[in-house]
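So that you can see what the record holds, here are the features copied from Swiss-Prot:
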- ASP80, ASP82, ASP84: Mg(2+) binding site (BINDING)
- CYS81, CYS98, CYS105: Zn(2+) binding site (BINDING)
Amino acid sequence: MNTDPAWMADVAFDDNGLIPAIAQDAENGQILMVAWMNREALAETAATGRAVYWSRSRQRLWRKGEESGHTQTVHDLRLDCDGDVVLLKVHQEGGIACHTGRASCFFRRLEGPAGSASWVTVDPVLKDPEHIYK
C-alpha cells in the first residue's frame, strides 16, 4: 500500500528513487549546495520544515546539521517545471552549508582564457572543518 502524500505523485524521481535538491539562501538567493532526496527525505522535509537529504555515500538519510549543527530551516519548497528537481529556500544556521567550512559549496570559479583556464578558490573558509566535525 502506497502511503505517500498525494502531492508526491508530481515528483519525478530517477531510476534510483532520487531527485536532485538545490538549497538556496532564502534571504539573498545564494545557491548553497546541491544534494539528493528520496521519497522519505522529501516527505520528512515537508513535514518538519528541516532539510533532510539522502546520502548516497552513506546510504542513509542525512538530516542536514546533525553532526555540524548547521541545520537548514526550509521556508519554501518548490518543484521545477519537469518535476525532476526540487528547490529548497532555506535559512542556513551558522551561515555554513559546505563541509569545507564555507557558506556555499560553490566556492571555486573558472578564471582565465579558455585554453588555460583553471578553478580558483574565491570564497573564504568561515570555520575550520576540524572544529565543526568532532
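Quick reminder: no glycine exception, Cβ is built from N, Cα and C everywhere.
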ASP80, ASP82, ASP84 excluded, remaining Cβ within 8 Å of their centroid (Mg(2+)): ALA12, LEU79, CYS81, GLY83, VAL85
Cα-Cα distance linking CYS105 (Zn(2+) binding site) and ASP84 (Mg(2+) binding site), given in Å to the nearest integer: 21
